[in-house]
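Residues or ranges marked as transmembrane segment by TrEMBL: 14-35, 138-157, 209-233, 270-296, 302-324.
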Amino acid sequence: MSCFSWVLIRPHPAIWRLVHGMAVVYLVALTFLLFQKRDDARQFMKFLHPDLGVELPERSYGADCRIYLPENPKSRFKNVYETLFDEFVVAHIVGWWGKAILIRNQPLLWVLSIGFELMELTFRHMLPNFNECWWDSIILDILICNWFGIWAGMHTVRYFDGKTYKWVGLSRQPNIIGKVKRTLGQFTPAQWDKDEWHPLLGPWRFIQVLTLCIVFMTVELNTFFLKFCLWIPPRNPLIVYRLILWWLIAIPTIREYNSYLQDRTPVKKVGAFCWLSVAICIIELLICIKFGHGLYPKPMPLWMVTFWMSAGVALVLFLIVWSWQLHRSLGRKRR
C-alpha cells in the first residue's frame, strides 16, 4: 500500500505503512457502518464481540455529589471511593500521558484538559456518563488524574529530549547485553523533535492550533457517543482497541501537522495521515449524529447555548481585532 511515511522512521517505515493500512481498513469499516440502520449496526457489533448487541444501563456520576454520607455506617465516603476506583481513573492518567507524548506542549495540553471538561459539561444533558460532580470534574479529573498524566508525559518527553543516541549496528555490539539494548533501542526515536506550536504567532496560526484542539476533542467525544449509540460497555476491549489504534494514527498525524506548521517553504501540503485522521473523525461523528437521532430527548440548556454563542462571537471579534492590528502595524513598517 502506498503511503508517504517519511516523517517517522522508527522502529521501521514498514510499521507506519501497516498503521496506515489499519487506518484505511478502519475508515472503510466505519463507512460501511454509517450506511446501516441503527438496530442493524448494534446487532452487527456482535460479530466483533459476542457480548455486544444488548442495551446497557448508563451510569450517572452526579446522582449524589455528597462527599460524606452520615447515613452509611459501612462507608461514609462511598461516593469518593467508587469514583476513585472507577476504570476511567486509570484511563485518564494513561490517556493524558499518551497525549503529552503526542503534543509535547504543556500549555496546549492544559487547554485540551480544561476544554474536554467543558465538553462534558456541555453534553451532560445527552449522556448520563458526563453528569459528574464538581469535585469529580475539577479535583479528581483535572487537578489529579490529568495533571499526573501530563506531568508523567512531559517528563518522558524531557527524558528523550536530553538523551544522546549512539546508533551502532547490531553486529558490532560487543556482547549479548549490548545486542539486546540495541534491539530495544530500535523502538525508540532516532531523534526527538520539539513540537513548537506558537498559537500566538498570528491569527492564522491561532486558528490552525485551534483546529487541532477541536479535532482532538471531537475524537475523544466520539468515544463516548459511539459507546452510547452502539451499546458498547466501558470495559469492552473494542474501546481499548480503538483508542490504541487512534494513538498509533495520531503519532504520525501530529508530527505531519507540526511539520506542516513549522515548514516555511512557499509550497507545502498536509501529510496523508492528517487527511486520513480527519476523514475517520468525520465519519465517526456522522455515525454518532445518525444513530443518535431520537436518543437525546432533553434539549441543551438555554444558558449553555448562550454561553457558546457568546464565546463564538467573542472569538470572531478577537480574531478580527488581532488581524486589524497586525495589518495596521505592517502598514506602518512599510512606510
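Each residue, glycine too, has its Cβ placed from N, Cα and C.
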Candidate ranges 138-157, 270-296, 302-324 - greatest C-beta contact count to the transmembrane segment (14-35) (under 8 angstroms):
270-296
Given 138-157, 270-296, 302-324, the one sharing the most C-beta pairs under 8 Å with the transmembrane segment (209-233) is 270-296
